[in-house]
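Student: Below you'll find the structure I mean.
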């Protein structure tokens, strides 16, 4: 077997059972009925993973459009681009919702589909940030890093929660449902009125000592995002604690040990982001396309490993080598700058792209290995349906 799935755990794929709890009224009364009808445009011979990839293609097209018209993420673009982004994001959500419906419709649900779906979502968590950054005109700034942190943290928390509870929870207000719809509406409004009106309208002033702070609409959005992130974290912890408390096989002291052990699974992620914060504080010019993508692929790899460990019933993956990249970049930056006297901008350029190459390479290796192992053991194809499965 492969590096990421030992022989003793691959057989656990046979006991796979998807469980979810969706409390969203929007999803229940509007989106799910819409997806049930929309999925009939896909022929029964089409593999569900093709639908997932097709939806992701809309985001890729959006991002390519962003960097064609706004490579620095801080200028106005033609109004039609915002409408195209809204359409692309909505179609991504639609295809993402339909892949599971289609899989159940043709009896092709399985662990490979869940891995594929969540892995694409993890990459999209970073790519969609570029759309938001261009929409608001924030550029390659600390705000961009904070936006990515919020997206990846929410995704990591959700995956961590599912690992422990074996259930995917979507609350009354969640990012994959209401969050995406709000993004679509904001893109349409930006296309109509322009980013200055929607995102940078002055609202009020806050005085802190001798400092006067002007608050605009984007500041309010960031405040709401922070509030949502905190609520999501509390909800995830509450669901994990509840799961272990309700475990009939656990005594009180064992339950506390399990809860404490679960919390430790959050430490690697926040330690990783602490190293990122130190790096960009030390040298803000690291905030570049290559660096953002490096962080995104590292996050996707880490989440992917948690999903695989959940599906194959392995221990929680506490160590992930790509998470050491920012620390290595800090050390190499200091060495190159202090000992060898290399220009700062050259060091940043080289280290940013080196980090991107390493994170991308590891993620490709991981996905290739996992897809191979899953398809071999389950006797399925990744992007098509075996003829024996169609009969």
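Along the chain as shown, the residues are counted starting at 1.
Quick reminder: no glycine exception, Cβ is built from N, Cα and C everywhere.
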Student: Quick test of your reading of the annotation: per Swiss-Prot, do residue 199 and residue 346 share a side of the membrane?
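Tutor: Residue 346 and residue 199, as annotated in Swiss-Prot, occupy the same side of the membrane (identical topological domain).
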Student: Of the ranges 149-169, 212-232, which one does Swiss-Prot flag as transmembrane segment?
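Tutor: When 149-169, 212-232 are checked in Swiss-Prot, transmembrane segment belongs to 212-232.
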Student: May I ask you to indicate which of 240-262, 286-308 is given in Swiss-Prot as transmembrane segment?
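Tutor: Feature transmembrane segment in Swiss-Prot: residues 286-308.
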Student: With CB pairs under 8 Å as the measure, which of the listed stretches 173-193, 265-282, 286-308 comes out on top against the transmembrane segment (322-342)?
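Tutor: Checked against 173-193, 265-282, 286-308; highest Cβ contact count belongs to 265-282.
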Student: I'd like the per-state residue tally for the topological domain 'Lumenal' (194-211) from DSSP, helix first, then strand, then coil.
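Tutor: Taking the topological domain 'Lumenal' (194-211) as a whole: 5 helix, 8 strand, 5 coil.
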